[in-house]
Amino acid sequence: MKDSHQTIGVFVRPTHYQNPLFKELEQAKEWVLKLLEDEGFESFMIDSLDGAKDERLIEKADAFLCLGGDGTILGALRMTHSYNKPCFGVRIGNLGFLSAVELNGLKDFLQDLKQDRIKLEEHLALEGRIGNTSFYAINEIVIAKKKALGVLDIKAYAGHTPFNTYKGDGLIIATPLGSTAYNLSAHGPIVHALSQSYILTPLCDFSLTQRPLVLGAEFCLNFCTHEDALVVIDGQSTYDLKANQPLYIQKSPTTTKLLQKNSRDYFKVLKEKLLWGESPSKKR
């Protein structure tokens, strides 16, 4: 067993007892902790997704198991991002696009992990800053209207060079890993998850000529709006953006690290999870 993965922190998003998955998650938590012990791993539970509260636990772990869906994985990845440690997802719930394995395949995955038969994928992440507040995004940063009515003007700059003004409901700045999330729903392009780029996809733009734009990750971007707006991180947290206040976005110096099976193939995942390339009439 490699020393680098001896201690596993287990993330579980807190779930209300009325949630249909509550009972399944409660049972799975105990089973996972027992399995980790049986396979020779030290483990502990992190079930608050509160970075300040769990900082010492995060420092203790060598890797993190995320029990749940993609939302749980995204929250854990952001919380652990600055610690430069890998996560892997065990799917319970819906899509599970980022997950490494189903619950019934976890034992085999852990055995492969002990034998170093697991691959480490490193993905581009975004680092954003508003004033003195910095944050990371795994899938996307969205600039959105605060008001239900009207059009939001967003001026976009690459460094100090203005390159576009978006007029609409908002703008998605996505990572390649996040290109299959909100970006895809907004008719943005699928970009291979290991690419080094940003995807800028306008939301309900007022102009017929506006189209999604893919930029190299070497650019430092900044944006400002003509009125107060919201900045949404991975669909899970929000920040206020004041009128004419700059939002700076650049490639994070630390990558998003996911442990995956050696057999995982990106294009196969697209077909299985999103029915990519399938006929609309074909049933799953």
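The backbone N, Cα and C atoms fix where each Cβ goes, and this holds for glycine too.
Spatially close to ALA181 (NAD(+) binding site) yet at least six residues away along the chain are ASP70, PHE97, ASN139, GLU140, ALA174, GLY235, judged by Cβ distances under 8 angstroms. Per Swiss-Prot, NAD(+) binding site is recorded for ASP70, GLY71, ASN139, GLU140, LYS167, ASP169, LEU177, THR180, ALA181, TYR182, ASN183, LEU184, SER185, GLN236, and the stated evidence type is sequence analysis.
For the recorded site, ASP70 (NAD(+) binding site), the DSSP three-state label reads helix. Feature annotation from Swiss-Prot assigns active site, proton acceptor to ASP70; the stated evidence is sequence analysis.
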Mapped DSSP class for LYS167 (NAD(+) binding site), helix or strand or coil: strand
Binding-site residues compared (ASP70, ASN139, LYS167, LEU177, SER185) - the one with the fewest other Cβ atoms within 10 Å: SER185
Maximum Cα-Cα separation in Å among residues ASP70, GLY71, ASN139, GLU140, LYS167, ASP169, LEU177, THR180, ALA181, TYR182, ASN183, LEU184, SER185, GLN236, which the record lists as binding NAD(+): 31
Neighbourhood of ASN183 (NAD(+) binding site) by C-beta distance under 8 A, where only residues 6 or more apart in the same chain count: GLU140, ILE172, ALA174, PRO189, ILE199, THR201, PRO212
Structural state of ALA181 (NAD(+) binding site), classified by DSSP into three states: coil
